[in-house]
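Have a look at the structure below before the remarks.
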Amino acid sequence: MMPFPVTTQGPPQPAPPPNRYGVSSPISLAVPKETDCLLTQRLIETLRPFGVFEEEEELQRRILVLEKLNNLVKEWIREISESKSLPQSVIENVGGKIFTFGSYRLGVHTKGADIDALCVAPSHVDRSDFFTSFYAKLKLQEEVKDLRAVEEAFVPVIKLCFDGIEIDILFARLALQTIPEDLDLRDDSLLKNLDIRCIRSLNGCRVTDEILHLVPNIDNFRLTLRAIKLWAKCHNIYSNILGFLGGVSWAMLVARTCQLYPNAVASTLVRKFFLVFSEWEWPNPVLLKEPEERNLNLPVWDPRVNPSDRYHLMPIITPAYPQQNSTYNVSISTRMVMIEEFKQGLAITHEILLSKAEWSKLFEAPSFFQKYKHYIVLLASASTEKQHLEWVGLVESKIRILVGSLEKNEFITLAHVNPQSFPAPKENPDMEEFRTMWVIGLGLKKPDNSEILSIDLTYDIQSFTDTVYRQAVNSKMFEMGMKITAMHLRRKELHQLLPHHVLQDKKAHSTEGRRLTDLNDSSFDLSAGCENSMSVPSSTSTMKTGPLISSSQGRNSPALAVMTASVANIQATEFSLQQVNTNESSGVALNESIPHAVSQPAISPSPKAMVARVVSSTCLISHPDLQETQQQTYLIL
């Protein structure tokens, strides 16, 4: 197996028609028509300005860097073998190899993207060797910059910049004396007698390779995935850590679409993607292949056996053993947001099919800051850049807990977090302080039998800050100066914290510079409008708070996810308002319908009532490390 992807785009070739792809029969085996190929070419031209295609020169540079890294690994393993007095016959054939996974291995990486890599070594090479002698060897290379090891991570990794290309290297030691060049990591027998960290490290490569193995046409899959990933980023639903979907989950959804329409080209597959998943009957899982039991006693996703798996709202199951749900972070709110986006994507691609819109419309950014009347702004700050980097990572990883807590409030219909983070204006221009903000849009409802409604968010916010500070202290990461602040702002007050170009209704949207980390206008007045904002400083270990329920557990009783993939009602539903002529578009089976876009959004709109005021009472908190105040906050409708 080659570690480097082939990214050349050749003419699409129809796949040979087997009885079924994946876990069900295809919906349609129709081959593309001239209009479909023309729409695909227009899609490619629309994608180019977004930087989703890498130039050949840059691709060759990546290949050269990986070859150098691969040679370093082989050289290092030979040195380790000699130091451990292995026979010369073994040393000469000991091998060792760098494998790639993620977007680069899938062949859908963008300009300037990093590379996920895996160093595979034989049994006599220890993980400690990887983080000592191999780390030292990398440090001697002139091309290597920003070298750092994260040995205690859930998946231990060495991070570096090699000749200007960011690379994350994982490590796995196999129960083999030598590592052959033609090693296939999809072989389940390789998992025998491995520790859990090696299994986790292997998982990325195994899943990526399995996905490529299970799609009917790799070129069509890649182009479709490029389009869907760009769409997801433009629409702010690309973030596994915040409860949306990450790269591997989007890849599996696209792969399932390719299985259902094995001969379709990218323009058709993009449209079918929205059709399939706007109608998917969640929590039925998305599966690319039937789960297999290997009797290796590894935990696998199975709601029949594991009660916690029954609470997963949008399960997308990895195809490699041990099968896992890649979307366990999805909450009620994030699923609602994504389903609405699927439906809107279906409506737009339907317009494109009828020549009523261009592909560029699909990649227009939604108006997040115009969508809701009420917002919660989370602000994380630290005294130094290094502290800020660690602090922001921890806070961001816990935001989904706050979303899950807010969802349980009977008067909150939706807690929509924007995955983009924004630099916050400085509170004191004379002090060096590093600040980052996240914004959560709130959908609220007002009972009919009440004219005034008080929504107390104190417990939700305080529980969230408790969780963050507790983990920071327990992991010995906490430093004085690390703070979390939460503020409630109405839509018309967002300009106090966010620059105009972020708030304006932008149509054209580029993925370059999306995190906006270069913005920090110190002229913004953080204290403006403080009457209508709430500040919730750090919590302490002395505060007695109940445990938060995971964001994957909703307000309602969980529905048991069955171990079968459904094609929803795609084949059963009939045309309702508008009907597509099957002679005008290939890949549309005669018994298949494209549902008309709903006229009302899937997410409940914000209520008419505005927040009138915020009532606060303050009490002191005593803590050996911190002296802070706690505010109780109510939204008065």
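Placement of Cβ uses the backbone N, Cα and C atoms for every residue, glycine included.
Annotation note: PHE101 (ATP binding site) sits in a strand segment as assigned by DSSP. The feature ATP binding site is assigned by Swiss-Prot to PHE101, GLY102, SER103, THR110, ASP114, ILE115, ASP116, ASP168, LYS229, TYR238, GLY247, VAL248, with similarity to another entry given as support.
Within the same chain, residues at least 6 positions away in sequence whose Cβ sits under 8 Å from that of ASP114 (ATP binding site) are ILE165, GLU166, ILE167, ASP168. Annotation comment: Swiss-Prot describes ASP114, ASP116, ASP168 as Mg(2+) 2 binding site, evidence class similarity to another entry.
In the three-state DSSP reading, ASP114 (ATP binding site) counts as coil. Swiss-Prot lists ASP114, ASP116 with the feature Mg(2+) 1 binding site.
Residues or ranges marked as compositional bias 'Low complexity' by Swiss-Prot: 1-10.
The region 'Disordered' feature in Swiss-Prot is assigned to 1-23 (among others).
As annotated by Swiss-Prot, region 'Disordered' applies to 535-555 (among others).
DSSP assigns PHE154 (site 'Interaction with RNA') to coil in the three-state reduction, outside any helix or strand. The Cβ of PHE154 (site 'Interaction with RNA') has ARG200 as same-chain neighbours under 8 Å, each 6 or more residues away in sequence. Per Swiss-Prot, site 'Interaction with RNA' is recorded for PHE154 (among others), and the stated evidence type is similarity to another entry.
As annotated by Swiss-Prot, site 'Interaction with RNA' applies to LYS159 (among others). In the three-state DSSP scheme, LYS159 (site 'Interaction with RNA') falls into the strand class.
Per Swiss-Prot, the feature site 'Interaction with RNA' maps to ASN329 (among others). DSSP assigns ASN329 (site 'Interaction with RNA') to coil in the three-state reduction, outside any helix or strand.
The number of other CB atoms found within 10 A of the CB of ARG400 (site 'Interaction with RNA'), across every protein chain shown, is 25. The feature site 'Interaction with RNA' is assigned by Swiss-Prot to ARG400 (among others).
As annotated by Swiss-Prot, site 'Interaction with RNA' applies to ASP525 (among others).
Taking the centroid of the Cβ atoms of ASP114, ASP116, ASP168 as the Mg(2+) 2 site, the other same-chain residues with Cβ within 8 Å of it are GLY102, TYR104, ILE115, ALA117, LYS159, GLU166, ILE167, ILE169. Local packing around the Cβ, expressed as the count of other Cβ atoms within 10 angstroms, is greatest for ASN329 among the recorded positions SER103, ASN329.
In this structure the C-alpha atoms belonging to PHE101 (ATP binding site) and LYS159 (site 'Interaction with RNA') are separated by 15 Å.
On its own chain, GLY247 (ATP binding site) has GLY102, SER103, LYS229, TYR238, ASN240 as residues at least 6 apart in sequence with a Cβ closer than 8 Å to its own Cβ. Nearest by CA distance to ASP116 (ATP binding site), out of the recorded sites LYS159, ASN329, ARG400, is LYS159. A separation of roughly 25 Å, to the nearest angstrom, links the Cα atoms of LYS159 (site 'Interaction with RNA') and ASN329 (site 'Interaction with RNA').
Distance between Cα atoms for ASN329 (site 'Interaction with RNA') and ARG400 (site 'Interaction with RNA'): 8 Å, as a whole number. Taken residue by residue with DSSP, ASP168 (Mg(2+) 2 binding site) is part of a strand.
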